[in-house]
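These notes concern the structure reproduced below.
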C-alpha cells in the first residue's frame, strides 16, 4: 500500500507540474507583465533584508529602517543619474549611430574580396559558389544590424514602463520587508497542522538558498561589470561603460552569460581592428578566470547545489520558453524544485 500511495503521489505531482508549465507557457506574455513587479520586489527584498536586520539590532523600528535604506539608495541613485547615466545615454546614442556603419564596413570588405576573387584564376563555378555565400553573409549582417536597431529602440520605448514597474516593486518590497512575519503566519495558517513543520523546514532552506544566490549574483555582476569596464578602457574599446554594464548583467546567466556579454564588446572592437578584438577577448577571458577562481567562490559559497548538467538544462529550457528572463530565473527555480522534491521524498519514504 505505501508503494502504491507513493506512485500515485508522484503521478499527481508530475501532472500538476506539467499543468503549471503548460499554463505559464500559454499565458507567458500576460503573466510576465503581471508578475514582473513582484519578481523585482522579491529580489529587492532579498537584497535589503540583511541591512534591515542589522538596523533592527540597533533598536531601529523595521519600518524606519526600511525607509532609511530607501533614502540612502535614493541618494545613491540620484548621484548615479547625475554623473553616470548621461554618459551611458551618450554611449548608447553613439552606439546606435554607428550600427549602420557596421554594414558599410562589411560591404567595403565584401567588395574588396569580390575584386580579389574576380581577378583570380579560379573556376567560374567555384567563384559563383563563393559569391553566393558572401551575399548570404552580407544579408545576415544587414538583418542583424536592423534587428539590433529595432530592439534598441524598442528597449528605449520600454524604459518608462520599466521605471514604473521598479517604483511599484519598491512599494511591494517595502510591505514584504515590513510585514514579513504577517505573511509567514497567514501562509502557515493555510497549511494543515500535520504539514506545518515540513513547510517551515522546506521554505527555510529555500529562503537561505535564494538569499545567498540573489545577493551573491548581484554583487558578482557589479564587480564583473566594473572589472570589464576597466578592461575595455585599458584595451581602448569605445563605449566601455555601457559594454561593461552589459557584460556584468549577462554574467548572471550561468555558463552562457559571459559569452553573451562579450559579443557586443568584441563586435565594437572588431570594427576598429582585429587586433583590438583579440585583446578584448583576452581581457574578457582574464576577467572570467578571476570570477571563476576568486570572486564567485568567495561571494557565493556552495551556490545552489545543482549539477552543471542540470544547470545548463534549466538555462536552455528557460531561454527557449521565456527568453532572457527565463534564463535568469531558471536556475533558482530549478533549485527550488530540487529542494521541494528532496523534502517531499524524505517525508513520504
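Including glycine, each Cβ sits where the backbone N, Cα and C put it.
Note: TrEMBL annotation is automatic and uncurated.
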TrEMBL annotation (transmembrane segment) - matching range among 34-53, 94-113: 34-53
218-237, 278-297 - the one TrEMBL records as transmembrane segment: 218-237
Where TrEMBL places transmembrane segment among the ranges 65-85, 128-148: 65-85
For the domain 'Cyclic nucleotide-binding' (286-349), mean pLDDT (0 to 100): 78
Feature contact check the transmembrane segment (249-271) with the transmembrane segment (218-237), CB under 8 Å, 3 or more pairs: yes
Secondary structure composition of the domain 'Cyclic nucleotide-binding' (286-349) [DSSP: H/G/I, E/B, coil]: 55 helix, 0 strand, 9 coil
Cβ-Cβ under 8 Å with the transmembrane segment (65-85): same-chain residues at least 6 beyond its ends: 48, 51-52, 55-56, 170, 174, 177-178, 241
For the transmembrane segment (34-53), sequence-distant contacts whose Cβ falls under 8 Å of one of its Cβ atoms, 6 or more beyond its ends: 62, 65-66, 69, 165-166, 168-170, 172-173, 176-177, 210-211, 214-215, 218, 329
